[in-house]
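**Q** Once you've had a glance at the structure underneath, I'll fire off some questions.
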Amino acid sequence: MDVAALVSGGVDSSVVVHRLCEEGYKPAIFYIRIGMEDKDGYIDCPAEEDIELTTLIARRYGCPFEVVDLHKEYWERVVSYTVETVRRGLTPNPDMMCNKLIKFGCFEERWGYQFDRIATGHYATTDLLNGKTYLSTAKDPVKDQTDFLAQINFAQISKLMFPIGHLLKSEVRAIANAAGLPSAKRKDSQGICFLGKIDYNDFIERYLGKKEGRIIELETGKVIGRHQGYWFHTIGQRKGLGLSGGPWFVVKKDIKRNIILVSRGYDPDAQYGKTIEMETFDFITEDAYEAGYWNREDATPVTFKIRHTPEFTRGLLYKGEKGYRLESEERIQGIAPGQYCVIYDEDHHLCYGSGMITKGR
């Protein structure tokens, strides 16, 4: 079986190569270059260091290695999506789009199609049910990344391998140390993948500029401050508001009038909601309603996430004529339109897919 391994130079993907070779595979290693390299001088994440470490891994295990450039495609599909989503006053998820459109989209179209399987360092697993592959959660609940993979499709999940999905992060580090891998002590990457060391607000300002507006207290209607543009702020945000007498939280945004509405206190009611609405829902493996596993006339018990966190929340999913509605068992903070609601089974093991949040209340 021919296997392609997507390797970033970090400890996780390095251990992927180690484990594949231990199991008798000789994977072809690919490093995907995607980052901030344009005419104005924005620089990628530390790509040269990544490539150097990946080269060492490839040489050590005698694997073919190729650097593939998907920078143009990344800008066109992921960065442009991020900027446009923010412009509309919504909350983007570029990491989900990168997995769907770049790592398992463009790469597959240009290189991956030559291979039987594609292995990555994601913390996730797969289950085979009724002859079909399902995305499943990882052994390590803190590192689990199924929420970042919840926009991929059946063709993509059927081809993926997650060699470290059944390991804890501590076990991955231990394997890397025992094997003497050059990335064993390397820190995990943080933040949005294409930004590297660039400040998020600096990036947004570069494309959307500044536009001063009012910050208004939701309960009183009183103007309590100024902001530089609604696009710099997200629902649930607490830091960076420049307000005294807090804590203050962003609870609403008036896009047309460029107004940020805030509320004071650790958990004011205005921050929380129990209902999530989605116009569409993308199942990964198969539509559970069409397959007959779920009945659209009944509420379906599920667990879900609306942000990257180890915790799952229980709720009931409804399918109606105009979309999907999720009723949470408990109030949840910061339901942000534009973000994705990721749906799991009741045991939060199988990941069914995700839908973009259109409204929360």
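Backbone N, Cα and C define each Cβ position, glycine as well.
Annotations per Swiss-Prot:
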- C98: active site, nucleophile (ACT_SITE)
- C193: active site, cysteine persulfide intermediate (ACT_SITE)
- L6, V7, S8, G9, G10, V11, D12, S13, I32, G121: ATP binding site (BINDING)
- C98-C193: disulfide bond (DISULFID)
- H122: site 'Interaction with tRNA' (SITE)
- Q339: site 'Interaction with tRNA' (SITE)
**Q** What whole-number Å value do you get for the CA-CA distance of Q339 (site 'Interaction with tRNA') and C98 (active site, nucleophile)?
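**A** About 15 Å separates the two Cα atoms.
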**Q** I want to check the contact list for D12 (ATP binding site): same chain, sequence separation of six or more, C-beta distance under 8 angstroms. What comes out?
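**A** The answer is G121, H122, Y123, I164, V172, D188.
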**Q** So if I draw a 10 Å sphere around the Cβ of G10 (ATP binding site), how many other Cβ atoms end up inside it?
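**A** Its Cβ has 19 other Cβ atoms within 10 Å.
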**Q** Cβ-Cβ under 8 Å from I32 (ATP binding site), same chain, 6 or more residues apart: which ones?
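**A** In sequence order, the residues whose Cβ lies under 8 Å from that of I32 (ATP binding site) (at least 6 apart) are L6, V68, L70, I102, K103, F107.
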**Q** For the C-alpha pair, I'd like the distance in angstrom between G10 (ATP binding site) and the residue listed as 'active site, nucleophile', rounded off.
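**A** One finds 18 Å between the Cα atoms of these residues.
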**Q** Pop the Cα-Cα gap between S8 (ATP binding site) and the residue listed as 'active site, nucleophile' into the table, whole Å please.
**A** 14
**Q** Could you tell me the maximum Cα-Cα distance in Å between the residues recorded as binding ATP, namely L6, V7, S8, G9, G10, V11, D12, S13, I32, G121, rounded to a whole number?
**A** 16
**Q** Going by DSSP, is H122 (site 'Interaction with tRNA') sitting in a helix, a strand, or coil?
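**A** Looking at the DSSP assignment, H122 (site 'Interaction with tRNA') belongs to neither helix nor strand, so coil.
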**Q** Of all the recorded positions here, L6, C98, which one's CB has the most other CB atoms within 10 A?
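**A** Counting every other Cβ within 10 Å of each candidate, the maximum falls on C98.
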